[in-house]
């Protein structure tokens, strides 16, 4: 087979044999590091991988040849938890955070999520589209090729749908692949204050059926937390969503452990997100149910909290984990997955291989894209992040710098030395 594109002489390729399930426990520590590696691409797919000189049959008169001495390649990075589409910003809350005002107190004062809800409700489709596109551009320039994007800053049907429509439009227009999550249950809107059950009924009866009918989202999510939605309320919504055919995610155990992990396990959610306050019993329940733990260390960093999710304990117990940005305007205003990956080492005490497995193959399982992306594997899409680094460890050792040299998306050179092509 003659390749369309042949990428050769990488210092290292980060490869693995996808076992057919999210990596857990000791599997997280394993990868195949191919020295002097090459990748052959045809019709947007990886058709060959190896070390040294490529087979002669891969090279034809039209084959594009590029050499990458001194560089490494990983699968395209996957950010599987973002709040991508929103209006406004919340830098005016930063001084309160520095003064130690708790997040839930800011929310109770009309700030936090509800502040962004007001800004998002007043924002036009075009405003939201352009703002979200800029974030996606930034992500792409840092090596991200697939992004999960939640609604949740409307808390009414008109605005929630506008957010989902923006995601759908960007999925068509932008190189990054987007996976849509419906999260109208991100907070209790002011018009339903004191009556969350009534709001959930509106979501179940009036919103979810239309989202499903129009295929606007693949996942449904809820914020199960003190002063937001209880475990029973979360179970009520997610069970109805599951009956309608949605895959499930849940924000759980971020500030307090109030039963969200139990709901995730009972309903076999694909992932439980945050988990800073998870207990040993909660870890065991998620392992038993096969729920992926989606950890968001940049949120803990941004909130200036001391308690990070117990990633080391989770992996050692046999749990599958991912890492994501939680990109949002309040608790985590970043879109930099390289920073998150470095926090995975510095603050969660994970090894570089564990972090890379978390943000590639496990993240692909978290967004139900494991058949297409998440590993440098023959037959998968050629989503490739190429770093200006001599080896895998250097990605984490030399921190706080964008080390991306190039990005390939579906076999097309999409980013080249700081420019989107």
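Using the three backbone atoms N, Cα and C, a Cβ is placed for every residue, glycine included.
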Task: One of 4, 156, 177, 326 listed by Swiss-Prot as binding Fe(3+) at the site of 81, 83, 251 - done: 326
Task: 153, 186, 254, 331 bind 4-imidazolone-5-propanoate per Swiss-Prot; candidate in 66, 90, 417 listed for that same site - done: 90
Task: Three-state secondary structure, residue 330 (N-formimidoyl-L-glutamate binding site) (per DSSP) - done: coil
- [ ] Determine, to the nearest whole angstrom, how far the Cα atom of residue 186 (4-imidazolone-5-propanoate binding site) is from the Cα atom of residue 81 (Zn(2+) binding site).
- [x] 13
Open item on the list: Can you tell me whether DSSP puts residue 251 (Zn(2+) binding site) in helix, strand or coil?
Closed with: strand
Open item on the list: I'd like to confirm something. Which of the binding-site residues, 328, 330, 331, has a Cα closest to the Cα of residue 83 (Zn(2+) binding site)?
Closed with: 328
Open item on the list: List the residues in the vicinity of the Fe(3+) site, defined as same-chain residues other than 81, 83, 251, 326 with C-beta within 8 angstroms of the site's C-beta centre.
Closed with: 82, 150, 273, 274, 296, 299, 324, 327, 328, 332
TODO: Please name which of the binding-site residues listed here, 81, 90, 251, is nearest in space to residue 330 (N-formimidoyl-L-glutamate binding site), Cα against Cα.
DONE: 90
